[in-house]
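Encoded as structure tokens, the structure appears first; notes follow it.
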């Protein structure tokens, strides 16, 4: 409100929402009580009832769906908040871990386990991360629903489970490594969104490409060969197969599966960017976009729906016509 909004206004981002649908009691009742995306048969019935063209009714439903979407200014403020958090917590974690012995030798995570002291800096690092991921868990149900909703839901559950489980079992040393590693790329994604909303396309593309490289290196390279290596093999060697070993590593492997899925989406987006010359669309885009499905274009026999991507931001702003779409 006091920092992000003035920054957005100075960058020329307007607080203007999408085109609002004209008031219509019959269509409003269908929209709120029956369906937000009527099929062809219902469209024909509404067309006869209102004496409206089918295309006009489709346009009304599109405008009605989009009028409740957040504005670009709102999305910029949200991304700026997330960027600030991810950047701050990442540097806090790096500064904290730089002097920690287990950062340089992962076997230190298991020496004298479970009798390892919990310092105040370590405690606050954990509690901040846990609070943030709980907030993401709740806000996911009020945000725009996206194609990766289920994946994100599983990710948040696994993350909260890991943070809570490792804290309860005093596995906070290896837990800090997992947290810091995951924070390394997130602020770059939010930076790409901010650049997109401000219409700095080249800067957006550069941040996204950098995000993709860091994400793949940390999640497909460092994570399995550094984190999973110590939790699967070094822990087994030093402290043996403790009762919760299977659950702990099961959650970590679940994260790795999600990393592979997301990396494939990032690679597809990067490939499209190289082919088209810009980041055109994140494959994790919103189910509903502010551009929404375009009107039916007719030829001699039938109409064809054409879908464009969302210009909105949220993993989560996506791009339409070369603009970054939401996360």
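Using N, Cα and C of the backbone, Cβ positions are placed for all residues, glycine too.
No curator has checked TrEMBL annotations; they are predicted automatically.
Marked as domain 'TLC' by TrEMBL: 74-275. If you look up TrEMBL, you'll see 83-103, 123-142, 207-226, 246-271 marked as transmembrane segment. Residues or ranges marked as region 'Disordered' in TrEMBL: 282-327. Feature annotation from TrEMBL assigns compositional bias 'Polar residues' to 301-315.
This prediction places the mean pLDDT of the domain 'TLC' (74-275) at 89. Simply put, out of 83-103, 123-142, 246-271, 246-271 has the most Cβ pairs sitting under 8 Å from the transmembrane segment (207-226). Panel annotation: around the transmembrane segment (83-103), residues 109, 121-122, 125, 128-129, 132, 173-174, 176-177, 179-180, 183-184, 186-187, 190-191, 194 of the same chain, lying at least six beyond its termini, place a Cβ under 8 Å from a Cβ of the stretch.
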